[in-house]
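Straight from TrEMBL, the features:
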BINDING   A:46, A:48, A:102, A:105  Zn(2+) binding site
């Protein structure tokens, strides 16, 4: 891509190129998109700029319904994520819900310690820091902080999935039409997605056992 | 094949599709630039924060021609920025105070299902409190919106007014006001995406004058 003095010019120009390319490849692309959306997947991922879901999954506009926040965390009392889930599951009837964490996650790294990030971020990351405390023994055995951050990211994905399983629309869709939930980790250094094994079902009663 | 079996097979295929696509994409990137992923591993320093709609048709990086590492992203129903929402406020805080983004784009889109749902005379349960914010935007601009007789154009105008209002909500935060006073950025923008041509429309929010107006009441510069 050409270089631009002003970063804003760059994305405005990028958008023109996108619109032109899309129309060249398929003159009816925007007519079709105007009609509506029927995504099969709800993606709950991190706000991190290095994990753009549609790009890294080689998908097209219209394929993935998206919620992205700090450290792909789903809190039980968060109306923002709950509204996205309600809309995607009850109205759009997506077939899959995925929660995708990633390596080198700033939120996971920050959760390895208790540095003061300001009251907003401290509160948001509190459940992730709690995970670190709960799994202290397991994490201490790991080689370095990189490995610990990946493990915290995995645990966080499982925790978000556990919270999602309590969402009324998800409960209903699992029973009525076989909706399924999946955990993923995206490896930024490899550009690859890894599917997490379903390990959290045993813990869905909210009890935790030390590792 | 029985129906449940067919459904099961279909689910597996749509699931596998993502992994196949992802492997293909990763190989392509490595072929183009062998150090692509190593560089991304080193960290992110995006210039932009994008606050957009969850709608599957508007993948922010794809429609702006940006690659991985260039844009920090929050997406929710109808691109709302609510002052009591810890989720969006954490994103804004992190993007402004830690990543020091230069531009914040609040981007809505015409034909937004969330905006339409918000104006539907129906109890939508869990969605009511979230969508209520859009009805509040309508009330703020009731006089103007009521003069538009046709539903389509009225929704489209509400989409624009909603984006402007959410951009104002970003400007009301202490994080933005303090960073701007110190660094001269970030600048907040209000845009709308149109499916009919795939183009972004700048609603031309004048950041400086909007900030001045907002700080008459919501003044949190230190």
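Start at 1 and count along the chain as shown; that gives each residue its number.
Cβ coordinates are placed from backbone N, Cα and C, and glycine is handled just like the others.
Curation plays no part in TrEMBL annotations; they are all automatic predictions.
Distribution of TrEMBL features across the structure.
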residue	record	CB count, 10 Å
A:46	Zn(2+) binding site	27
A:48	Zn(2+) binding site	28
A:102	Zn(2+) binding site	26
A:105	Zn(2+) binding site	26
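In sequence order, the binding-site residues near chain B, meaning those of A:46, A:48, A:102, A:105 whose CB lies under 8 Å from a CB of that chain, are A:48. Same-chain neighbours of the Zn(2+) site beyond A:46, A:48, A:102, A:105, judged by a C-beta within 8 angstroms of the site's C-beta center, are, in sequence order, A:45, A:47, A:50, A:51, A:71, A:72, A:101, A:103, A:104, A:106, A:107, A:108, A:153, A:186, A:188. In this structure, residue A:46 (Zn(2+) binding site) is part of a beta strand by DSSP. Classification of residue A:102 (Zn(2+) binding site) by DSSP places it within a strand.
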